[in-house]
Amino acid sequence: MAIAIVLILVAVGSVAFHIYSPWWWTEIASNWNQIDLTVVITFWITGIVFVALTLFVAYCVVKFRYSKNRRAEYKPENKKLELWLTILTSLGVIGMLAPGLWVWQQYVSPPPNADEVEIVGQQWQWSFRYPGQDGILGTTDANLVSFDNPFGINPTDPAGQDDILIEGDALHLPLGRPVKFLLRSHDVLHNFFIPQFRAKMDLVPGMVTYFWITPTRTGEFEILCAELCGLGHHQMRGGILIEEEDTFQTWLAEQQTFRQIQQDARLHQNRPVKIATDAPAGKE
Amino acid sequence: MAKATPTDIDDLETADLPEMDLYHPKSFLTKWVFSQDAKVIALQYATTATLIGLVALVLSWLMRLQLGFPDSFDFIAPTDYYQYITMHGMIMVIYLLTALFLGGFGNYLIPLMIGARDMVFPYMNMLSYWIYLAAVLLLAATFFVPGGPTGAGWTLYPPQAILSGTPGREWGIVLMLASLALFIVGFTMGGLNYVITVLQARARGMTLMRMPLTIWGIFVATILALLAFPSLFVSVIMLLFDRLLNTSFFMPHIIEFGEKLQYGGGSPILFQHLFWFFGHPEVYIVAVPAFGIVSDLIATHARKNIFGYRMMVWAILIIGLLSFVVWAHHMYVSGMNPYFGFFFATSTLIIAVPTAIKVYNWVLTLWRGNIHLSLPMLFAIGFIITFINGGITGLFLGNVIVDVPLSDTMFVVAHFHMVMGVAPILVVFGAIYHWFPLITGRWLNQTLGHLHFWITFVGAYAIYFPMHYLGFMGVPRRYYSLGETAFIPDSVADLNKFITLAALVVGAAQIVFIFNLIYSIFWGRKAERNPWKATTLEWQTETMPPRHGNFGPQLPRVYRWAYDYSVPGAKDDFIPQNQPPAPDEEAAPTGAPPS
Ligand code: HEM
Ligand SMILES: [Cu+2]
Ligand SMILES: [Cu+2]
């Protein structure tokens, strides 16, 4: 009997935990409400199945508990029942998959007018590049990475000259404009994850990956690395600031372009450029 | 599919061999150490797997201590933590569960349940164990080499796995890769054995569609493993080359801490494809034997035929087949071509259908059964619940867009522990309580057994159910510590403490179980023959425990499927598979598969 009670507690308790526990997703800050919606649909469908099956098992162990005077039913198959269960399950699966694929279609199709911003990851820090005046990110090559050119921008590419480089500062983005992140890594896999955006993607050395969002509320958010990238993985954090358009433009105008940084570097030959060499700190 | 009917078989020459004296072990050494008896090899596999599994258990305590009390344990530095997760994950998945289900249960049960004297290649079977042992020792050795074991995560993703930002780059990763290669060699020897034994050595009358589902599960899982492990093998060898010979299979141009490395042109994503082409079927290599075993536990202890036997067999086969076309659901956010997402989400969710059918059939077997709440049944019920739970969260992660926020978070950790950690392990326990009397002739202590069950089932649920919600919130996995993170409220620290305490208690219960095992082998209450009144052949041997050669001078002859429980009109509520039909017995009842 104890098992029946525990099973009922598991079913009821899980639902109660789901409803009343304080741990739930963060307030969304991007356009991906549909992801949340798909999660909710999935919760309903699977939750009903879970509760129903658990209670059914609880019922069976009470009702059909062993008795010497009874025999179990001998009925090896029930084609009709099996067919119905298969059909119902398939409908449930379609009910989750169809909206899921529909949202995925949007996730992989950035709007043509999306701003491009490059995210560069390396052990264990984030840096960012805006395309600058011309709206085009200059070409890059890992072979060109050096102290003076930490992004590996091709110096002969005119499109790269006005690119705006951000190191050691937060990523600023204007509110309400779709942005396509182009992700690049110099060393190992990383993952660009902002829980409030509901979106993430790996950074893979040797290639450029992407995803897009539209920020829907202002505020400061944290970038977490979500792909194991060595000892400093848990410390590979960055900041994101979602601002009103004009605040953002003011900030952007104050940042240095690739050309300016190159000139500075030639002026002061020995200017130290920050390259990630900090070992991750353990416990203090 | 075997066409032979019992009548055809009557005309066949008997293939029974005369007692072969030469083949029986003569000394302690050949009986218990270099044994060629599948039953002894099974115990060797099981003991070794359990011992290394205990290491993984201790590592899980250490990890949980760090996560629950991030500032209290000075001896756990980030290096240690990442080494713990890697070794814990790898041991649990490969060296414990795969070895235990196939090398342990497979070796013990295949010959006995299909009515054979032994595996078809006993010598190779023995070699398989010794190579496995070497692989385990090599793995354990990484704890003692300079730099310690690798901290690359059990997925060993390059480039990180072989670069210096990851612990164990010098020795750990090299030995890990070598150990995996050895494991695969050893497994292949055993695996070929299991498959060929099932295909070639079944007793007369044991058609494929009369086999107990345990054998179906182990059989299909072994085929999956034989097809999947080669993919791991090549990726392991290529990664070893990248590490030792500076090839660039998986390594693009890399600037490590400002310094250019000598690599270029390789693809990290290629490794992930190879790894998961193995890694996803691996989930089923662990799950499918559990499916099979739990079906038999439920049927036996509910005194009822398994509901929809033929559907169960087909479901196992379809799941096995489909498990080879879903691998990239582990890579939705890996940067592979995003359009793959459509295909892999669809194939993944299709697998849910045969899987759900299996679950329905288990619970429908309980319906109108005559249920003994014995320990194996309790564990089976525990399995059903945790498996439903873990299967359901698989629908979240399989549905590509839902995976985007959840992948690489604690949701994933909770999901796979539920579905391939807790659920199969509950089946392992149920199976041990079920077959212990057969193996040792004694009972496990039932009081300790109940203690073990309740703590493990309720405790594991308490550990993993709330953990999903940390994932929803966005807490990443493989984090040594969360530090200050704005979106993570303080209550998360409390939850983490709670989970850690639950994990420690559950861990302690396993120590009780190990004690029970050792105690009962020597001092347990003596068990009568076929104590569960089961139909399958392993319980119908001349002696319990069965001797070398399993059956007496005559191999059993099979007349019926494995699920003749509570047959109307029969004297007892079970009819062993080797019992000839009574003169007045109807032909095979409807639904029982035709012979
Ligand atoms: C009491 C039992 C167990 C506890 C408390 C436990 C705990 C943990 C913890 C704390 C982690 C690290 C999570 C993270 O930081 O990402 C982990 C990882 C893992 N565990 Fe377990 N575990 C247990 C049993 C198992 C079992 C039975 C399996 C078998 C499938 C398993 C397989 C894994 C795997 C594959 C990983 C991932 C390792 C990685 O990220 O590379 N665990 N476990
Ligand atoms: Cu990382
Ligand atoms: Cu998978």
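Every residue, even glycine, has its Cβ placed from backbone N, Cα and C.
Given the structure is predicted, the values throughout are model-derived calculations rather than measurements.
Marked as domain 'Cytochrome oxidase subunit I profile' by TrEMBL: B:32-559. Per-residue confidence over the domain 'Cytochrome oxidase subunit I profile' (B:32-559) averages out at a pLDDT of 95.
As annotated by TrEMBL, region 'Disordered' applies to B:570-595.
The transmembrane segment annotation in TrEMBL covers B:40-62 (among others). Long-range Cβ contacts of the transmembrane segment (B:40-62) within its own chain (Cβ-Cβ under 8 Å, at least 6 residues beyond either end) map to 31-32, 73, 76, 80, 84-85, 87-88, 91-92, 95-96, 99-100, 103-108, 125-126, 128-129, 132-133, 136, 139-140, 439, 503-504, 507, 510, 514.
Residues annotated as transmembrane segment in TrEMBL: B:82-110 (among others).
Counting residues 6+ beyond its ends, the transmembrane segment (B:130-151) has Cβ neighbours under 8 Å at 44-45, 48, 52, 55, 79, 81-83, 85-87, 90-91, 95, 99, 103, 161, 166-173, 175-176, 178-180, 182-183, 185-187, 189-190 in the same chain. Annotation source TrEMBL lists transmembrane segment at B:130-151 (among others).
Cβ atoms under 8 Å from those of the transmembrane segment (B:171-192) belong to residues 83, 86, 90, 94-95, 98, 102-103, 106-107, 121, 124-125, 127-132, 134-136, 138-139, 141-142, 145-152, 156, 161-162, 222, 225-226, 229-230, 232-233, 236-237, 239-240, 243-244 of the same chain, restricted to positions at least 6 beyond its ends. Taken from TrEMBL, the feature transmembrane segment applies to B:171-192 (among others).
Residues or ranges marked as transmembrane segment by TrEMBL: B:213-241 (among others).
The transmembrane segment annotation in TrEMBL covers B:283-299 (among others).
Annotation source TrEMBL lists transmembrane segment at B:311-333 (among others).
Look at TrEMBL and you will find B:339-363 (among others) tagged as transmembrane segment. Within its own chain, the transmembrane segment (B:339-363) has Cβ neighbours under 8 Å at 291, 294-295, 298, 306-308, 311-312, 314-316, 318-319, 322-323, 325-329, 331-332, 380, 384, 387-388, 391, 394-395, 398-401, counting only residues six or more beyond its boundaries.
Annotation comment: TrEMBL describes B:375-402 (among others) as transmembrane segment.
Long-range contacts of the transmembrane segment (B:414-436) within the same chain: residues 92-93, 97, 100-101, 105, 108-109, 283, 286-287, 289-290, 293-294, 297, 300, 374-380, 382-383, 386-387, 389-391, 393-394, 396-397, 442-444, 449, 452-453, 456-457, 460-461, 463-465, 467-468, 470-471, 513, 517, 520, 524, 532, 538, each at least 6 residues beyond the stretch ends and with a Cβ under 8 Å from a Cβ of the stretch. As annotated by TrEMBL, transmembrane segment applies to B:414-436 (among others).
Listed by sequence, the residues of this chain that lie at least six past the ends of the transmembrane segment (B:448-467) yet keep a Cβ under 8 A from its Cβ atoms are 375, 378-379, 382, 385-386, 389, 410-411, 413-414, 417-418, 422, 426, 429, 433, 495, 498-499, 502-503, 505-506, 508-510, 512-513, 515-516. The transmembrane segment annotation in TrEMBL covers B:448-467 (among others).
What TrEMBL lists as transmembrane segment is B:498-523 (among others).
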Under 8 Å Cβ-Cβ from the transmembrane segment (B:283-299), and at least six residues away from its ends along the same chain, one finds 93, 97-98, 101-102, 105-106, 212-218, 220-221, 224-225, 228, 305-306, 312, 316, 319-320, 323, 358, 361-362, 365-366, 376-377, 379-380, 383-384, 416, 419-420, 423-424, 427-428, 430-431, 434, 536, 562-563, 565
